[in-house]
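Visitor: Below are the features I grabbed from Swiss-Prot:
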TRANSMEM  33-53  transmembrane segment
TRANSMEM  77-98  transmembrane segment
BINDING   HIS83, HIS182  heme b b562 binding site
BINDING   HIS97, HIS196  heme b b566 binding site
TRANSMEM  113-133  transmembrane segment
TRANSMEM  178-198  transmembrane segment
BINDING   HIS201  ubiquinone binding site
TRANSMEM  226-246  transmembrane segment
TRANSMEM  288-308  transmembrane segment
TRANSMEM  320-340  transmembrane segment
TRANSMEM  347-367  transmembrane segment
Amino acid sequence: MTNIRKTHPLMKIINHSFIDLPTPSNISSWWNFGSLLGLCLMIQIVTGLFLAMHYTSDTTTAFSSVAHICRDVNYGWLIRYMHANGASMFFICLFLHVGRGVYYGSYTFMETWNIGVILLFAMMATAFMGYVLPWGQMSFWGATVITNLLSAIPYIGTSLVEWIWGGFXVDKATLTRFFAFHFILPFIITALVIIHLLFLHETGSNNPTGLNSDADKIPFHPYYTVKDLLGALVLILFLMTLVLFFPDLLGDPDNYTPANPLNTPPHIKPEWYFLFAYAILRSIPNKLGGVLALILSILVLAFLPLLHTSKQRSLMFRPITQTLYWMLVANLLILTWVGGQPVEHPFTTIGQLASISYFSIILILMPISGMIEDKLLKWSL
């Protein structure tokens, strides 16, 4: 009798995706982050669902309902902090996953990569709206500042902002719709993830060498299921350490003060995972220019396949571009640090220099170094 997993219509899909999937034999731990992102998404949906059962999306009771979850609901504090810190773990895995894709040239899988960029935007939107829900000071002012950026759009800007707000200020209507969107987006993300995997399985996985691995494939199960399980255990260890010992490490103390439209916090800043983009936004003195730079800082990923000049796919054997890549990583860390600093000298200058070098490395230096390496290997035509 044939195994049910190979005949049953539903089991067959699962079998071809997670069990009998032919996988390159040499993929390293950098390939673990896809499954870890899936785990993060599941944790976020489950904890978010339980939080939604007790949360009220009304300006008068939102802050109190979060306090109620932490104080009165059974293990509410655990669910709340798992959700808040789970978002941080999600973005850590996300940045490492994207970084791996850039390093090993995975962006040459155009469809998979573009869905990935859309996923990144969807996750950033979800995280931003989730940050508004506790209705603390930073929630309110973060929502005000970021939504206000849309007013930079010529002609329709002001109307667009008021339409998103549902009034003339961030108020009850804004909070209610943000809660609705924050609830629905993770399910849209889940659908996009399935499409992401569908496109990936059309081509098969990339590997560290960037070479064709058809000659050396192994089944996904048990080799990579066990490897992913180890990664999952490490992720849960990190997450629970954060939740149980340092729950407020990555949060903002201002968010423990209820939202007050009459009192602006001295330093408005987003969550740590948006600081690099926030620094790029702030480094341009023009409002519209800043907004465009902010969008482009993420959208630039979509242009990577067009900027690939080398005849080699991966950076494994390309020392010049490798150096530029790690300069880019250092640059992003500097931008993250600057984004959390006040708008004053020398931080503004550092932010501007880091923003210029960020775009220069990606758009100019990396394509040039790819051509130089081809020339050095006498590979150029």
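Backbone N, Cα and C define each Cβ position, glycine as well.
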Visitor: How many other Cβ atoms sit within 10 Å of the Cβ of HIS201 (ubiquinone binding site)?
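Guide: Excluding its own Cβ, HIS201 (ubiquinone binding site) sees 14 Cβ atoms within 10 Å.
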Visitor: Which range wins on Cβ pairs under 8 Å with the transmembrane segment (347-367): 33-53, 178-198, 226-246, 288-308, 320-340?
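Guide: Looking at each of 33-53, 178-198, 226-246, 288-308, 320-340 in turn, the most contacts to the transmembrane segment (347-367) are made by 320-340.
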Visitor: Are the transmembrane segment (77-98) and the transmembrane segment (226-246) close, by which I mean at least 3 Cβ pairs under 8 Å that are 6+ residues apart in sequence?
Guide: yes
Visitor: Which one is it: of the binding-site residues HIS83, HIS182, HIS201, whose Cα lies the shortest distance from the Cα of HIS97 (heme b b566 binding site)?
Guide: HIS201
Visitor: May I ask you to report the DSSP-based helix, strand or coil state of HIS83 (heme b b562 binding site)?
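Guide: DSSP call for HIS83 (heme b b562 binding site): helix.
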Visitor: To the nearest Å, how far is the Cα of HIS201 (ubiquinone binding site) from the Cα of HIS83 (heme b b562 binding site)?
Guide: 30
Visitor: Based on Cβ pairs under 8 Å, which of the stretches 33-53, 178-198, 288-308 lies most in contact with the transmembrane segment (226-246)?
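Guide: Looking only at 33-53, 178-198, 288-308, the most contacts with the transmembrane segment (226-246) come from 33-53.
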Visitor: Provide, as an integer number of angstrom, the distance between the C-alpha atoms of HIS83 (heme b b562 binding site) and HIS196 (heme b b566 binding site).
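Guide: HIS83 (heme b b562 binding site) to HIS196 (heme b b566 binding site), Cα-Cα distance: 24 Å.
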Visitor: Roughly how many angstrom lie between the C-alpha atoms of HIS182 (heme b b562 binding site) and HIS196 (heme b b566 binding site)?
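Guide: Rounded to a whole number, the Cα-Cα distance is 21 Å.
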Visitor: Who sits close to HIS196 (heme b b566 binding site): which same-chain residues at least 6 apart have their Cβ under 8 Å from its Cβ?
Guide: THR112, ILE115, GLY116, LEU119
